[in-house]
Every structure is written in structure tokens, then in C-alpha cells.
Amino acid sequence: MTIDAPELLEKLKISDADANGADIPGSTSAAANGMLKEDDDSDDDVAENTPAVAAENGTAKKKKNKKRKPKKKQPKVQTDPPSIPLSQLFPNNTYPKGEEVEYKDENRYRTTSEEKRHLDNLNSDFLSDYRQAAEAHRQVRQWAQRNIKPGQTLLEIANGIEDSARRLVGHDGLTEGDSLIAGMGFPTGLNIDNIVAHYSPNAGCKTVLAQNNVLKVDIGIHVGGRIVDSAFTMAFDPMYDNLLAAVKDATNTGVREAGIDVRVGELGGYIQEAMESYECEINGKTHPIKAIRNLCGHTILPYSIHGTKSVPFIKSNDMTKMEEGDVFAIETFGSTGSGRYVEGGEVSHYALRGDANRKDLTLSSARSLLTAIKKNFSTIPFCRRYLDRIGQEKYLLGLNYLVKSGIVEDYPPLNEKQGTYTAQFEHTILLRPTVKEVISRGDDY
């Protein structure tokens, strides 16, 4: 590159003037020429440009570097549908408590007893698992209540609930044994109208929720085998409101009156009285609400949804007492029909029997299926869709063989008379040494 003489002379003049600190007409600072970074308010940029600024101003002042304050991390907020694991929302594994209710009468002392408090403190892992499962249940069911609408298939509803539940507890159940760490406590029940319980859609189910349906949604979620069992009913026509109100009142009555040393037969009387004080007018006809007599609430054991004690929905002579440490599913079912169910329909619910005798299985497909059931579900109830998820194929023959052999129990749907309507509400309660904790209680019910 060549430079002519006038141009060279001009450059020498500029250089000489710049060395003497003189202002040059038409010259600009680096900042004015846009040579600073766009984020020129950062402390690092100020520090880098300090010498140049000092030279321009003819000063020797130094600017101190200011350290940036680290930005505070914003707490994570749950997505819609729920997908962020609870371990990220509650990093200290301290999950919300359920509703704590002090015991009454002769058990009132338990609230302040040092001995009982000590026993309570020994249950920290037990309570943490239960509260995590309960928080997952609340978040999933509240999302479901906002989003279940007529026109959806039962398969869409079930898969949405179960996928969200698995994400929240951080275990998708696709690897061997993963669903035993945490996951579904039983198949999601989606029971329409006269179907009382134990129906979950099998693969290929085409049933669509209609505007005039009454839908019972029964969800179980477990962490470490601690199953939270809670249910609600949805209806989209206000003519069913009294049916839902009756059953919700009955369940809340059962929850309120339950406690250590309470006899279950007496508790059933309180439940029946609350429920059967209602009636419901449907299409111009008034129906008394009846408690379903041949169904019961139940205790919950680790990895087993049905324990050894039952809570009837009607008054009975059962003198069994509720005891410290018991976990109960207080559920009630009300009906506009006869108040009794019969079994019938396509089976979806199954469970490995804990008391089943070992037998030599001659059918090879039954042997391999039994191994998969033990490793993935143990005694937690499962459905056909869950077998599909873990890659089991052509298993129906082997499954039926296990049922006939008494190794696996099947649970057919429970049905009231055709043309009737039924509703369900349910909570899980812990009879802790110091208080009764309604572990599944939420703002919704």
C-alpha cells in the first residue's frame, strides 16, 4: 500500500496534536464512535476503558472495579400439565403437611405428650414419603379437574394423569423395578355413571366422556410403597350437584369422626346418616341418595392398597377399633339406585396375591409374565396398559392362567343398576401418635 505526501503530512500533524492532548476538530471518542460494547454499563467494560477515558480527560484517576452481585435464582414453578419432579420444587425433601387434626376426648393428651412426639419423630422417612406422594396427588388431580372435559377419550384422560404422576415422582417405570421406587399406586379409575369402581381403560378403548356423564376419578400414587389413595367426582350438568354434595359430605364426616379407638361399625353409622340425608332430582324425578352397602373403606399397607381393616358406609356391629399407626382410605360411594353393586364387564385391574402359594406353572408364558409382574409391580395393582408399557406382548393367555391359578387376583368393574348414577369421594388419613393427618387434603376437597 502507498501513501502520498499530503496525506502523510496530515497524519503527522494529527499524531503530534494528539500527543500534546489537543482537541482535534471532527475527532470523536471511541464511545461516540460506537466502539464500546452494547452492554457498556457493565463493570468489566468500565474497567477496560478506564485508561482511555483518563487519557482523553488528561487525568490519572482510577476507577475501582465493582463486583457484580450474583442474581438470585428464581424458584421453579410447576408446568401445565405438571412435569417438573417434586424433588426440584422441594430440594430439601420437605413436603407440605396434610391437614393436621387434634384427637378428641380421652386421646386429647396425645397432642402434647412428649412420649408421643418422640414416636412421631421416629416416623420421619415414613412421613416424607407419604407427603411427597400426597403433593404429587394434589398437583396431578388439580390439573385433571381443570382440564377434563366432555369430548375427551378415557384413554387420553388416564394417560395424562399417569404420565404427569410419574414425572412428578421422578420414576417413569420403564426400567425393571423402577415403578417400585415410586409411581402409580394402582391403575387410575375412570368410572362413568352406574360403574362404581375398578374400571380403567384398556388399550384400544374408544369411550368418550359425554356432557351428561358423572365421572369418578380414583387416583393412587406411591413413594416407597406408601400409597396415597384419593378420589373425586366430576359432573358437567348441575342436576347432579346434590349427588356429589351428599357423597362429599359423607366422606368429610367419616374423616372428621375417624380416630384412634373409634369403632368402625359406629363410624359407618355417621357416614350413612350424612349421605342419606340428601336427595337428588334428575330429569324431573327425585331420588334418595343411598350409601352403597357392600363396599367399604380400608386400611392401606406398604405396597398393598387393601389392608386388613374395613370401614363400612352403613352402621354395623363391627367392633374393630382404629389404632395408632393405622393408615386408612376413608372413601364413600353414593347411588341413586339400589345401593348395591354387582361385578361384571371387561377386566382391567389385577394384583399379585401376597398370600399365593407357589405352584409349578406349566405354561411358559405364565412363568415369564409372573417374573415381570414380581419385578415391576410386586403386590401393587396394575392394569393391561402397564404391561404394554414395559414391553409385554401376547400376555393375555398367561395372565388368565395366573388368575385361574390363584396367583394373580382380578378385579372386575363394580356396577350399580343400568340407568343409575353413582359418586365417590375419598381421602387417605394417617393416625399418627400425636395427631390425625388427612394427608391427601387439598384446596379442592
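Every residue gets a Cβ built from N, Cα and C, even glycine.
The substrate binding site annotation in Swiss-Prot covers His198, His306 and is backed by sequence analysis. Residues near His198 (substrate binding site) in space but far in sequence (CB under 8 A, at least 6 apart, same chain), listed by position: Gly189, Asn191, Ser348, His349, Tyr411, Pro412, Pro413, Leu414.
In the three-state DSSP scheme, Asp229 (divalent metal cation 1 binding site) is classed as strand. Annotation for Asp229 (divalent metal cation 1 binding site): same-chain Cβ neighbours under 8 Å, separated by at least 6 residues, are Gly185, Phe186, Asp218, Ile219, Gly220, Ile300, Ile305, Ala329, Glu331, Glu426, Thr428, Ser440. Summarising the annotation, Swiss-Prot assigns divalent metal cation 1 binding site to Asp218, Asp229, Glu426.
According to Swiss-Prot, the divalent metal cation 2 binding site annotation covers Asp229, His298, Glu331, Glu426, on the basis of sequence analysis.
The compositional bias 'Acidic residues' annotation in Swiss-Prot covers 38-47.
Per Swiss-Prot, the feature compositional bias 'Basic residues' maps to 60-75.
Within the compositional bias 'Polar residues' (85-95), the DSSP-based counts of helix, strand and coil residues read 4 helix, 0 strand, 7 coil. Annotated compositional bias 'Polar residues' per Swiss-Prot: 85-95, in sequence order.
The annotation compositional bias 'Basic and acidic residues' is assigned in Swiss-Prot to 97-115.
According to Swiss-Prot, the region 'Disordered' annotation covers 14-115.
Within 10 Å of its Cβ, the residue among the binding-site residues Asp218, Glu331, Glu426 with the fewest other Cβ atoms is Asp218. The two recorded residues, His298 (divalent metal cation 2 binding site) and His306 (substrate binding site), have Cα atoms 6 Å apart. Those residues of the chain, other than Asp229, His298, Glu331, Glu426, with a C-beta within 8 angstroms of the mean position of the divalent metal cation 2 site C-beta atoms are Asp218, Ser230, Ala231, Gly297, Ile300, Phe328, Ala329, Ile330, His427, Thr428.
Within 8 Å of the centroid of the Cβ atoms of Asp218, Asp229, Glu426, where the record puts divalent metal cation 1, the same chain has further Cβ atoms from Gly189, Ile219, Gly220, Ser230, Ala231, Ala329, Glu331, Gln424, Thr428.
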